[in-house]
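*Asks:* These came from TrEMBL, pasted as-is:
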BINDING   10-15, Asp35, Arg40, 91-95, 132-133, Glu166, 277-280, Arg347  NAD(+) binding site
BINDING   162-166, 221-225, Arg261, 268-274, 339-340, Arg443  substrate binding site
ACT_SITE  Cys277  active site, nucleophile
DOMAIN    333-448  domain 'UDP-glucose/GDP-mannose dehydrogenase C-terminal'
Amino acid sequence: MKIQKICCIGAGYVGGPTMAVIAKQCPDITVTVVDINEARIAAWNDENVDNIPVYEPGLSAVVAEARGRNLFFSTDVDKAIDEAEMIFISVNTPTKTYGEGKGQAADLKWIELCARQIARVAQGDKIVVEKSTLPVRTASTLKDILTHTGNGLNFQILSNPEFLAEGTAVDDLMNPDRVLIGGDQTEEGKNAIEALVNVYARWVPKDRILTTNVWSSELSKLTANAYLAQRVSSINSLSELCEHTEADVNEVARAIGTDSRIGPKFLKASVGFGGSCFQKDILNLVYISRTYGLHEVADYWEQVIIMNDHQKRRFAKKIIRNLYNTVSGKKIAFLGWAFKKDTNDTRESAAIYVADHLLNEQSKIAVYDPKVTEKQIFSDLDYLGSRSPEENRKQLQAEKDPYKVCKGSHAVAVLTEWDEFKSYDWQKIYDSMLKPAHIFDGRNLLDKEALKAIGFQVHAIGSTN
Ligand SMILES: NC(=O)c1ccc[n+]([C@@H]2O[C@H](COP(=O)([O-])OP(=O)(O)OC[C@H]3O[C@@H](n4cnc5c(N)ncnc54)[C@H](O)[C@@H]3O)[C@@H](O)[C@H]2O)c1
C-alpha cells in the first residue's frame, strides 16, 4: 500500500518537526498536522517562519520549504482524519495529576479522545500510528476503542516511537540512529508496517529501520529514556562524591567514557535533567512495574528520579550556603531557563525548581534566556502554586539583556548550557556585581580558571575549587 495522505494529530514539539521532515523528504505525500490549540496552529502558519512555535535549529528552513506545498497546519481535525490513509497520534501524554496512579501513571485521556474521534470520523480503513510515548500495551486499548466504536472499518495500530532529542530534532530526524516500527504480526499488520517502512525508507537506510511486535516497540521507548536518564543520575550521584573527595567529575567522566563498553555520551554532570519526557517516562515505567507487582524493578528505576530531585535541591542549597546561609533579599542572576540549549522548551527544567527553592528563601531572581519568553517563565512558576502569581512577579523578573540580569547581583547561576554564555564579557559582568561575586555553574560550561583569574568565586558541579 502506498501512502498518499498523512494526518498527524498534535502539532507540538514532536508532531511539528517530525511531520515537517516527512513532508520535506516525501514531496508526493500530503502531510496535514492538526491541533485543537488554535494559537499553536496560527503560529505554525505564521508568514514569518521564525515565529513558528517550536524553536529548533534548522526547523524554520524545513517548514519554509514544505509548507503550502505538501505540508499543512490546520485546526480541522475531522477533515484531516477523513482524508488520510495513515494517522499519527502525537498528542501529549503527561503524568496523571489526579486519581489512581496520580504522580506516576501516564494520563491517556488525550490519546483516548483521539481514538474516539478517529472512530467517529473515519469512513475508510486507516493505519493509526502511535507516535506519542505510551505505556506498554496501549495499542490494545486503541484497538478496542476503534473496533467497538468505529464504523465497522479495519484499523491497524502501529507503534512508531520518536527518538528525536530537542535541540537537535532536525538532525535526528534526517539521520536517525534507527527508526522503530512495531505492529501486529498478522498479514494485515505486516502490510501496515511495510507501508510505514516505505515512508521512512525514502531517506533512512533500510538497515536502520527496525521492525518488532507492538509491545516491544512501546516498551523500547520507555526503556531508552530510562537508560539515558539513568546515565545522567549516575554521573550526578558521583559529582557529589567528587565534591567531597577532591576528585573531578569531568576527569572521571573522561576516564570512564573512553571505555568502549561505556562510551562518552550522557556523562556530563549537571544541575539535573529536565524536559517533558525523562521524568514522566520513568515514572510511567515505575507505575507499570508496580501494577505487575514488580516492586524491586519499580524501586530500581525510581531511584533515578530521586537522585535527580536531590541534584536540583543540592544546587539550590549550595547557592544558599555560599551566600552565608541566607539569600533573603539578595539578587541572583539566572542564565538560562530552558531545560537544555537550542530549545525554547521549559517543561520540567531544573531552573524552575532551583528558582522555586530560592524564592522560598525570599531571594530576588533575574532571568535571561535567549529563547524563552517572560510569559513562559511566569507560567512555569505559577503552575507550581508555591506562592501567588503576584509574589512571583514581585520576586522574579525576566530580562532580554544578560548584562542587566547580572548587574548588582550577588551570584550568577548557569542553568542552561547555551553556547553564547561562554563568550560573554565576564570582566564586565564581574565589575557590575556585588562582591564577593559568585558563579554557580550548573552545567560546567564556563572556563573556571579564566573566571577565577578575574576574581570570581566559582562553584562548579562535581569538583572542588
Ligand atoms: N518532546 C520530546 O522531545 C519528545 C520526544 C519523543 C517523544 N515524545 C512524546 O511525544 C508526545 C508529544 O510530545 P510533545 O512534546 O510534542 O507534546 P506537546 O504538548 O508539545 O504537543 C502535543 C499537542 O497535542 C495537542 N493535542 C492534544 N490533544 C489533542 C486532540 N485531541 N486533538 C488535537 N490535538 C491535540 C495539544 O494541543 C498539543 O499542541 C508525548 O507522548 C511525548 O512523550 C516527546
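Along the chain as shown, the residues are counted starting at 1.
Keep in mind that glycine also has a Cβ here, set from the backbone N, Cα and C atoms.
Not measured: the values here are computed from a predicted model.
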*Asks:* Any idea which of the recorded positions Ala165, Leu222, Ala269, Cys277 has the thinnest Cβ neighbourhood at 10 Å?
*Replies:* Ala165
*Asks:* Give me the long-range Cβ neighbours of Glu162 (substrate binding site): same chain, 6+ apart, Cβ under 8 Å, in sequence order.
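*Replies:* Correct list: Val14, Thr18, Ser90, Lys131, Thr133, Lys221.
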*Asks:* Based on Cα distances to Ala269 (substrate binding site), point out the closest of the binding-site residues Gly10, Asp35, Thr95, Gln279.
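*Replies:* When the Cα distances are compared, Gln279 comes out closest.
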*Asks:* Do any of the binding-site residues Gly10, Asp35, Glu166, Leu222, Asn225, Ala269 touch ligand 1, in the sense that the CB is under 6 Å from one of its atoms?
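*Replies:* With ligand 1 as the reference and 6 Å as the Cβ limit, the list reads Gly10, Asp35, Glu166.
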*Asks:* Between the Cα atoms of Ala165 (substrate binding site) and Cys277 (active site, nucleophile), what distance do you get, rounded to the nearest Å?
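*Replies:* Computed Cα spacing between Ala165 (substrate binding site) and Cys277 (active site, nucleophile) is 10 Å.
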*Asks:* Find the one among the binding-site residues Leu222, Asn225, Gly272 whose C-alpha lies closest to that of Glu166 (NAD(+) binding site).
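*Replies:* Among Leu222, Asn225, Gly272, Asn225.
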*Asks:* If you draw a 10 Å sphere around the Cβ of Asn92 (NAD(+) binding site), how many other Cβ atoms fall inside it, taking every protein chain shown into account?
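*Replies:* That number is 19.
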*Asks:* Nearest to Gly272 (substrate binding site) in three-dimensional space, by Cα, is which of the binding-site residues Tyr13, Asp35, Thr95, Gln279?
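*Replies:* Looking at Cα distances from Gly272 (substrate binding site), the smallest one goes to Gln279.
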*Asks:* Taking the Cβ of Phe339 (substrate binding site) as the centre, count every other Cβ atom within 10 Å, in any protein chain shown.
*Replies:* 26
*Asks:* List which of the binding-site residues Gly10, Tyr13, Leu222, Asn225 have their Cα within 10 Å of the Cα of Cys277 (active site, nucleophile), in sequence order.
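*Replies:* Close binding-site residues: Leu222, Asn225.
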*Asks:* Would you mind reading off the Cα separation of Thr95 (NAD(+) binding site) from Leu222 (substrate binding site), to the nearest angstrom?
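*Replies:* Here the two Cα atoms are 13 Å apart.
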